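Quick one: the structure is below, and I'll ask about it shortly.
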Amino acid sequence: MGQAASMCRFRGCRYKNKNKSSKQQQQQQQQQQQQQQQHQQQQQQTPSHSPQIQHHSEIIPATTGLHLRSIEEPATTPLQFQPTGRMNTEQGGTGYGGYGSSEHSLLIATRHAGVPLPLAQHQPLPAHYQPLNHSGAAPPSSSNGSSSSGGGVQTSATPQQQQQYQVQQPYQYQYQHHYHHQANSPQHHRPYDPEHARMEAWLDENQEFVQDYFIRKATRQTVDAWLVSHATSAGNDVVSSTSPTHANGQTSSSRGGSGATTPVRKISAHEFERGGLLKPIVNTIDGTPTFLSIGPPMDNGSVGGSCSNLQNVGGVVAGQYQYNHQQHHHNHAHLHHSQHSHYQAGGAVGSSSLGSTGGASGAGGAPSLGGSGGAGNGHQYPYYHCHQRPQRLSRNELKQLDEKELIFELVKDICNELEVRTLCHKILQNVSILLNADRGSLFLVQGRCNGPDGLKKCLVSKLFDVCPRSTVEEMEQQDEVRVAWGTGIAGHVAESGEPVNIPDAYQDERFNCEIDSLTGYRTKALLCMPIKDSSGDVIGVAQVINKMNGECFSEIDEKVFSSYLQFCGIGLRNAQLYEKSQLEIKRNQVLLDLARMIFEEQSTIEHMVFRILTHMQSLIQCQRVQILLVHEADKGSFSRVFDFEANDLSEEEATSRTSPYESRFPINIGITGHVATTGETVNVPNAYEDDRFDASVDENSCFKHRSILCMAIKNSLGQIIGVIQLINKFNELDFTKNDENFVEAFAIFCGMGIHNTHMYEKAIVAMAKQSVTLEVLSYHASATMDEAHRLRRLRVPSAVHFRLHDFKFDDIHFEDDDTLKACLRMFLDLDFVERFHIDYEVLCRWLLSVKKNYRNVTYHNWRHAFNVAQMMFAILTTTQWWKIFGEIECLALIIGCLCHDLDHRGTNNSFQIKASSPLAQLYSTSTMEHHHFDQCLMILNSPGNQILANLSSDDYCRVIRVLEDAILSTDLAVYFKKRGPFLESVSQPTSYWVAEEPRALLRAMSMTVCDLSAITKPWEIEKRVADLVSSEFFEQGDMEKQELNITPIDIMNREKEDELPMMQVNFIDSICLPIYEAFATLSDKLEPLVEGVRDNRGHWIDLADVVKTKTSQDQEPEEEQQQQNVISNGDCKAMSDDDVAASEAEVAVDSPSEKASVNGSNVANNSSNTNKKIAVASHPTSTQPSDDDNDVDADADDVDEQAAEENGHDAEVDEASCRSNSTCSSSTASSCLSTPPPTGEDDSTPVSPLKTLQAKLVAANLNALQRQTSNQAQTQKQRCKSCDHSRSGLQVRKTSSLRGAQELDLDSKTRNGTHAALCKSTPVINNHSHHHNHSHSHNHNHHHHHHHHSHHNHSQHGIGIGSASIGGSGLISLTTPLLAMDSDRIPKIVGKIGNLDGLPFANGIGGPQNGHGLPFGSYQHHHHHQHHHHLLARRHSETNSNGATAMAVEK
């Protein structure tokens, strides 16, 4: 009791102390026992599961319905107190009341979870104490009878109220719905427990607590049980559609898809849960899935009748119960209606009006006031409770009610009616009762003023001249009466919105007396009022005629009429909205069926169009439907025309015919051509009144065009692909706006269907072409029989002869036939031919076919595949791992090695993806590897190449599976995924690798080891293979630059060629070395592989150090600044402006200038450790040496590598221009050298300040050289103004750092003739004297060294020397930009000095040649001791036309 009291206090109920009396407790226990006994008797007598509840005479059902006082007073009236708020009985609650002391007066028959329980009360409550729910209305009761207490009118909860409660309280409704299912099973029948009922009632009231408790405490089993119990049973009957669906769902590509871009609707399925359990979307009728709903219809005469809402909830109409009520009326001051109800299983269904179960459902019951219900349609739907609507009171009974009670009773009569015609009939009958009128009419507003649909606003008589004795069926036989807007009395009321009360209708000019003449009825008094909705818009007009007593309608009648019509307006608007929603549901179901039908039939265009035509003719109901397809090439004509006529369905072949007729009838080109051209929709009510219609199509034919609806069919791009035309709607009606909307939707689906069918047909054609192409490809990809015969007759040497077991195997001396014979030896030694019964000639042809399908690329060719197979053979035989893998897997591995790069294009997977190649579209991951595998299968399945033909089915499947895994494992991306688990397992014993998963891992790693096996070979082999790989990579990089306009990665960038040694070291450390060390751990016999990798790594490190050393010795920009400071602070200060101008003039190439002879100059070698610096000094203006002792590094200028590579090309291009521009013939120069600047400037451009700086630098070097050579004689400065200059030199090919010493030596011998020894030692410079017409000469000395930079020594006045050559060969020259700063504006400068005639060599090797010079010694460059002998270092000089010497040094 304490718990019950606390719960009652929690819900606001008053708990009486007298409830604690023992007498009442005993009485309660007796009542419970009686109820249990009655329940047991009912179970024994009633075989069905439908519960029967008998009510005690003292039991009063829970109050429900609208109370009159609730209309007049707000819910917050002090005399009203709130109910418990628990779920009402008909909505799944316990029905247990908590008003006053009623708790001990319960007399409950049976405890069923969710079954309505009546409420017992000792004393009836007064009317103003009737409990109200939260909305101000009393909660619905479990019975449908009506009772009054103190004038209160009580009715049952209607299905509409239950549906509204379901929307407002979805959790409670689902709870009730769940227990309705459980209550009908025998295992859930249990006796009533009062304490359990109280707790359940409290939980019903406190849903927030229930949810919170469920979230915190519910177990997984509880949630699963809840989900199972709430699953929709109808969903199990749904048959999946046969229409194909796209695998990736969205974004479809523009290629091959419909192209439709449907936006994602911002709606969630959770939003539909607020309305309770909805009907299933998909149903099954005759084994065919459909979207049309099954079960009793909701929009026919039963709409608004009993069970109309609950029947369709959940899609499966459950069991119903019908209440039969006997009403007893008592003549008290306030009538009290008590009622006795009992359940009757399997009651009638489908009552359409209050008090009649017949109504619109056709059961025969007249919808009279107080009429009894008919038999209904007799359908029984188990599991659902459905309450029959209460019968309407008779007119005599209504007359006994006061005004407010009467209005309230009539409002209840219409508030739950949702069928428009039935509602209008009830409104007119109730209005006649209220106003005591003889008959009435009701008009509804249709159309809009200047609406987009073209319908004008008017009044349509839904019901006309309705009398109290008329029925809905009689009214349906009447024709509609249309009243123009603003015409007549009704039109005036609709337009003005004001009521009209006319005592004598014939006295009003707006009255139309023709109606009376037709009906024979005399209209006298007339009251007409508008019906408005909640927003104040006029939605209808109601009028009543002639009061029964012959009087006129008074102002009181007007007020009563107006008050009642306010409720009628709300009910009428709800009924219209409900009717529209039902029609919208039906339309959506039809469109969904159409979409399903279209997309499940896409085999041919004929089949798809035939289904569209049949569905459209059935829906629109017209005589003929045509679909005309526009010609793709000629948009002004139709390629195909499909006809369908209504009587085609009645022919004998209708069931077997799957395609429509084509071009049976004449085509109306006028209208269809207009639509096909403009895309406009044409709706013609009378074809002969339209100028576009060609009347000749009806000549000589019994068919006549009347109404035409024509619309364009468009694809997703908005292009017109066809026209759909409907002709002659049935019953001589015109095509309406709704028809246009339907045809528009059909046209959209038809366009998608036609597009998809065209794509399907194109796909079929493409597949046929592919089959033919594959057949042709397999024929040409296979080797000929003659080649196989020839290979078959060749003798195959042993594996020892081929050295196939050697890890240092080299195929450099192998011919192609030798590689094929070596492959045959592998198959023979591994016993594949005998074990798998491989035909030897088929094996020969297969090998020839595999070799034929490798492209002639630089590296990934047949030789690479052969070397990979040899390494796999060596590993299998050396380690005896063939015992682990078995013969089948060994066969797959050898085949995989030979085929793992089939049809390789010389590009990797990344390039295929970047280029969006067809291969990348075909395979998303491991693109090339999948292609290699497909090519392998194609060859294996080609006739004459089926080496696996004699394998069993299981062995063949296993070989293919291992083969695919092996080829895909050659992708480094797959290698990185599997390497981690493999490295963790290398310490396992041999027995560990026998299992399937470790064995597959070992196979994958073995493929990678063999694929990269070139890194384990001796250095000569590795070096050769590395050159091939880098060459192929560079080719791909060039393609990425040219075709894709992207910068390749470093390893494929030809500009980063000299960084390849270091990249190769990184490749070994990150990829190769870990896996080979792991394999050496697995088997000691694989240790040579690791040693080979480490040895090659050392060689690559040596090459990388060479590149690094050369790069580190390049002069930094700070040294350039130091040189500039030396020039500005030293000897250059003594230079006069005239000398500077002379220097600048001499710098300009091909321009005559004056030159002065040099008094004297010395050449010496200045060595410091490994860096050798060369300084050449000469004072520009005097013979006195300068005091500045600073030496300037000759290697002060950095040279761009790309410019160095372009140097030779520049010399060739400009050679002709140099020859044409030169005014003097060259003396001993072997070729003419021209070096245009990067900016395209020539040497005739004005002198720039930087050239002045360069001249100063040359003068400083010469001055420094002069101070160091004290033994040199002074010479006179001479100038020449009439000599021209020319350049000569040869190109030097830049070699890669990957080239070996042998190649470089061979290259040097080729270029230098027999004096190749000079390439490895200090070059000897031979002086040659050249005399000209002038007594003075022009001397040029230009030194240049190139590896990653250039070195230039320039002097205006220097030592005169003759033309020099190295080893008697031509001059070697390479010109690059001089300085990095301002390189885009500075031309390439060639230093010019005077002739060094008569200068002896410092080392005594050479002597004076013409009596004018001093000895000039050879020297070693400062890079000589740090570079390997096989790397090239180049110097070049340029001479003038008088015989200036150019010299180059190659190291």
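Cβ from N, Cα, C; glycine included.
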Which of these, HIS864, HIS930, HIS931, does Swiss-Prot say binds divalent metal cation 1 at the same site as HIS900, ASP901, ASP1011?
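Of the residues offered, the record points to HIS864.
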What is the average pLDDT across the domain 'GAF 1' (419-572)?
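So the average pLDDT across the domain 'GAF 1' (419-572) works out to 80.
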For HIS860 (active site, proton donor), what is the tally of other C-beta atoms lying within 10 angstroms of its C-beta?
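Result for HIS860 (active site, proton donor): 24 neighbouring Cβ atoms inside 10 Å.
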Do me a favour and check the Cα-Cα span between HIS860 (active site, proton donor) and ASP901 (divalent metal cation 2 binding site); whole Å is fine.
7
Counting across all protein chains shown, how many other Cβ atoms sit within 10 Å of the Cβ of ASP901 (divalent metal cation 2 binding site)?
25
On the three-state reduction of DSSP, what should I expect for HIS860 (active site, proton donor)?
coil
